[in-house]
Amino acid sequence: MDPNKVDEASDKMSDDGEIASVMGFSGFGKKARTFDLEAIFEHTRRTAIERSQLVLDERQKDDQMDEEGESSQSVKTSVHAPRDKATAATSRKQESDSSSDSGSDSDSELIGPPLPPQHTADDEDGTLTRASGSTAQTDEDDDDDDGEAQDDDDDDNPVKKIPDTHEITLQHGTKTVSALALDPSGARLVTGGFDYDVRFWDFAGMDQAVQAFRSLQPCECHQITSLQYSITGDVILVVSGNAQAKVLDRDGFNVMECVKGDQYIVDMAKTKGHTAMLNSGCWHPKTKEEFMTCSNDGTVRTWDLSSEKKHKSVFKPRSFQGKKVVPTCCTYSRDGKLIAAGCQDGTIQIWDRNLSVHTKFHCRQAHIPGSDTSCIAFSYDGRTLASRGGDDTLKMWDIRNFRKPVNVATGLSNNFTMTDCCFSPDDKLLVTGTSVKREQGNGKLVFFDRTSFQKVYEIEVTNASVVRCLWHPKLNQIMVGTGNGLAKVYYDPVKSHRGAKLCVVKSQRKERQAETLTQDYIITPHALPMFREARQRSTRKQLEKDRLDPKKSHKPEPPVSGPGRGGRVAAHGGTLSSFIVKNIALDKTDDSNPRQAILRHAQEASDNPYWVAPAYKQTQPVPLFAEDSEEDEEAEKEPEWKKRKI
């Protein structure tokens with residue numbers, strides 16, 4: 001050994017010792033691990049050649065089996081075992097190599113997702129290794145792919161997403177439910193009808209009895225035409241048969257009432273509000289303070305919640321001759337930039353929200369003139385418009401080509417001016433209701449495929465017309481308003497969320513009959529403390545006190561049947577008064593002369609004194625009665641005119 005190298009090594013060790021004593025730890029100057037790159041590359045090349053040879057053998061066998069007419073699946077399963085054994089042997093061989101070649105295993109492993117089989121290369125590098133791994137993995141997952149394909153088919157079928165397995169019925173009244181509204185969260189439902197009532201339903205607060213927690217008449221004697229929650233859900237737009245729309249809060253209290261216009265002004269743009277009956281209304285989908293109404297005065301007006309004294313803007317539909325036409329329904333586009341209105345002359349007119357003079361899109365023969373277009377609705381993508389006409393049709397339009405409808409469905413009877421149509425949350429179905437005459441069939445909820453416009457499903461709701469329909473996107477539940485005063489909610493326990501599922505699981509509360517027997521509490525704020533009644537804290541505590549009171553908790557005795565007992569008379573009735581009346585009726589004595597009636601008991605009273613004590617028997621004075629004199633007889637014989645007048 002070279003003595004110089006030994007000296008250098010000893011110097012380094014002494015330096016390491018000094019550093020270790022200063023730093024507090026040792027281990028300096030260790031030699032880094034060296035790798036033989038040529039050996040690693042050679043090992044990798046051999047492994048790639050072996051695996052590529054296995055892949056080529058598999059392909060040849062597959063070709064032979066295909067020629068013989070056998071399935072490729074059986075070939076794959078038969079080849080898997082020897083291939084796995086070969087790969088296992090190769091891995092064991094790699095593990096038996098020297099430690100210097102251990103880094104080559106990481107180079108030959110797959111990194112990232114496997115390549116498809118068609119991308120295999122002819123060179124003898126790691127590409128063929130990746131291809132073999134990909135074929136093995138894809139073959140093992142064939143069954144999983146088949147199951148996922150079936151699930152995808154179920155997801156692609158929109159009919160299976162309809163939540164109609166269960167339903168609950170809300171009794172609004174006896175007349176037509178002409179308006180429905182759900183808040184954005186789906187917690188509260190509001191119904192309005194031809195009976196002027198607006199009822200509030202809280203799904204979280206109801207039980208199986210499904211009773212409304214509030215009912216009111218916000219517009220007095222006017223039928224409710226339309227109801228809608230704002231995008232924030234804190235206020236409700238109420239459109240009725242009068243000329244003034246109202247805005248209520250969540251509890252039904254008045255927030256705003258639109259002003260009424262001057263009916264003697266010809267130009268409707270110069271008035272501050274509507275002058276005739278309202279037909280429809282809706283909120284802006286983006287701006288929470290803006291809403292829109294349309295009326296029989298021939299205008300569509302937008303309003304701001306902060307200024308109730310005047311409208312925000314006016315849109316005036318016009319016929320082909322330039323005459324005034326009445327809009328029967330109106331709506332905003334999904335982005336809020338367009339305003340659409342269906343008119344009585346069969347036209348559908350669309351304006352830009354910021355330009356109220358000329359229409360942006362105008363279809364002059366959308367429906368038969370004279371039939372009221374009951375509803376128009378935009379799809380969720382904003383490119384398609386659906387219209388429900390009074391001519392018993394349902395049409396779908398592409399606003400980019402607005403001259404002809406894309407699809408038309410006929411034979412859908414419509415007897416109401418507010419029959420709804422709406423899109424499903426996934427935009428694949430279009431839903432509407434049908435009308436029937438009284439006792440002439442059942443009203444149906446009909447579902448159409450948006451692409452083919454074929455009727456794919458229908459639900460028989462009740463023996464009356466289906467007027468309103470609403471498919472809430474968050475709850476995945478369908479609300480339906482009918483012509484016989486019912487509001488039905490269709491849901492699926494698996495596909496739906498909250499909503500009706502919250503109230504059907506709660507058992508109906510039993511009414512406590514004892515609460516009606518409690519005494520009314522009289523409030524006397526100005527009474528003196530000694531006369532003031534203690535305030536009742538709760539009905540339960542008062543019932544407990546009354547139960548301890550022997551008088552209040554005494555059970556009344558039942559009426560006596562048969563002979564009387566215990567001092568109670570029952571022979572002639574259940575009460576003492578009836579017994580006395582019976583005995584009085586049996587008394588036949590004549591009491592017309594009171595003197596004789598009294599003297600009749602004189603002999604008995606003198607013989608058996610009952611009212612006067614026997615102690616006064618000896619000292620009791622004897623009554624002396626005056627005898628009749630002759631003067632009295634003469635006085636009686638005098639004529640009437642001589643007698644003294646009293």
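Positions of Cβ are set from backbone N, Cα and C atoms, glycine also.
It should be emphasised that the depicted structure is a prediction, and the values quoted were computed from it without experimental measurement.
TrEMBL lists 81-96, 157-167, 533-557 with the feature compositional bias 'Basic and acidic residues'. Annotated compositional bias 'Acidic residues' per TrEMBL: 138-156, 627-637, in sequence order. The annotation region 'Disordered' is assigned in TrEMBL to 44-167, 533-572, 624-646. Feature annotation from TrEMBL assigns repeat 'WD' to 170-202, 271-313, 320-352, 376-401.
Stretch with the most C-beta contacts under 8 angstroms to the repeat 'WD' (320-352), considering only 170-202, 271-313, 376-401: 271-313. On the 0 to 100 pLDDT scale, the model's mean across the repeat 'WD' (320-352) is 90.
Applying DSSP to the repeat 'WD' (320-352) sorts its residues as follows: 0 helix, 18 strand, 15 coil. Long-range neighbours of the repeat 'WD' (376-401) within the same chain, counting only residues 6 or more positions beyond its ends whose Cβ lies under 8 Å from a Cβ of the stretch, are 329-335, 338, 340-342, 346, 348, 350, 361, 363, 366-368, 407-414, 417, 419-423, 425, 427, 430, 432, 448, 450, 453.
Under DSSP, the residues of the repeat 'WD' (376-401) split into helix, strand and coil as follows: 0 helix, 15 strand, 11 coil.
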